[in-house]
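Engineer: Questions regarding the structure given below will be posed in turn.
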Amino acid sequence: MSTAKSDIKKVTTHQLQEMKNRGEKISMLTAYDYSMAKILDAAGVDVILVGDSASNVMAGHETTLPITLDQMIYHASSVIRAINRALVVVDLPFGSYQGNSSEALRSAIRIMKESGAHAVKMEGGIEIKESVLCIISAGIPVMGHLGLMPQSIYKFGTYVVRAREEEEANKLIADAKILEESGCFGLVLEKIPASLSKTVTHQLQIPTIGIGAGPDVDGQVLVTHDLLGINNEFHPRFLRTYANLQATISTAVTSYIDDVKSKNFPNENECY
């Protein structure tokens with residue numbers, strides 16, 4: 001017997017906090033379309049991130065900067081239609097919240113109203129405090145993001161591990177506390193030393209989600225296409241691949257082409 005959609009217990013920000021409190025790890029993956037989101041949700045992932053990484057993964061851009069608010073809303077809407085259980089968090093894209101809390105609020109409201117998302121995610125520390133406060137005051141949950149921040153790639157100049165030096169590490173800890181005090185329900189820590197993420201996780205009450213941040217965080221996130229081995233050109237140290245779908249897809253497509261060329265598809269059982 002199938003479970004009615006209304007009977008499925010949905011993941012909420014409060015449940016993520018409860019998971020941290022009892023020591024249960026949080027699973028988080030990316031999705032940008034209905035089909036992938038449906039698979040991830042049915043598999044039981046706790047959080048689905050509609051990331052601005054869609055700029056790289058779906059559109060082939062070198063950075064996350066080109067993706068627009070309208071495009072993020074399109075991807076988020078597609079994901080939301082597939083979801084029965086998971087919490088869906090959507091990245092506010094570059095240019096939609098930096099430097100102006102009123103603009104940040106308008107962007108967050110558009111995402112929530114037009115896509116049906118459950119929360120938004122923002123990169124930055126003290127510099128986005130006013131925007132975070134403004135968005136949360138409107139009843140919109142916010143997840144923070146510190147460490148390597150892809151929207152600031154031209155500031156950093158490279159995608160190397162962040163906060164190795166004491167000064168930057170201390171700033172990250174301070175920023176994490178500011179985001180928590182501002183009301184963020186969770187925090188992504190990207191590509192920082194494992195010892196630092198452990199310190200941050202122990203000092204915060206809210207859940208931390210790591211990507212390239214070691215094991216001592218409250219949960220982990222990966223880009224689903226990387227986990228599935230769809231893009232075999234990307235091999236960061238932190239990535240564990242669980243499949244080689246690039247090879248699987250290539251083999252399937254090659255077989256299809258061969259069958260078409262050789263007139264083996266369709267056969268009589270595949271005709272009306």
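Every residue, even glycine, has its Cβ placed from backbone N, Cα and C.
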Engineer: If Swiss-Prot gives Asp52, Ser53, Asp91 as binding 3-methyl-2-oxobutanoate, which of Lys20, Lys25, Lys113, Lys121 does it give for that site as well?
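Structural biologist: Record check against Swiss-Prot: 3-methyl-2-oxobutanoate site with Asp52, Ser53, Asp91, extra candidate from Lys20, Lys25, Lys113, Lys121 is Lys121.
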Engineer: If I restrict to non-local contacts, at least six residues apart, and a C-beta distance under 8 angstroms, what lies near Ser53 (3-methyl-2-oxobutanoate binding site) in its own chain?
Structural biologist: Thr30, Thr64, Asp91, Pro150, Val223
Engineer: Would you mind reading off the Cα separation of Lys121 (3-methyl-2-oxobutanoate binding site) from Glu190 (active site, proton acceptor), to the nearest angstrom?
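Structural biologist: On Cα coordinates alone, these residues lie 13 Å apart.
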Engineer: Name the residues of the same chain, 6+ apart in sequence, whose Cβ is under 8 Å from the Cβ of Glu190 (active site, proton acceptor)?
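Structural biologist: Same-chain residues close to Glu190 (active site, proton acceptor) (Cβ under 8 Å, separated by 6 or more) are His145, Leu146, Gly147, Leu148, Met149, Pro150, Arg162, Gly210, Ile211, Gly212, Ala213.
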Engineer: For Asp52 (3-methyl-2-oxobutanoate binding site), which residues of its chain lie six or more apart in sequence with Cβ-Cβ distance below 8 Å?
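Structural biologist: Residues satisfying the criterion: Thr64, Ile67, Met72, Asp91, Pro93, Phe94, Pro150, Gln151.
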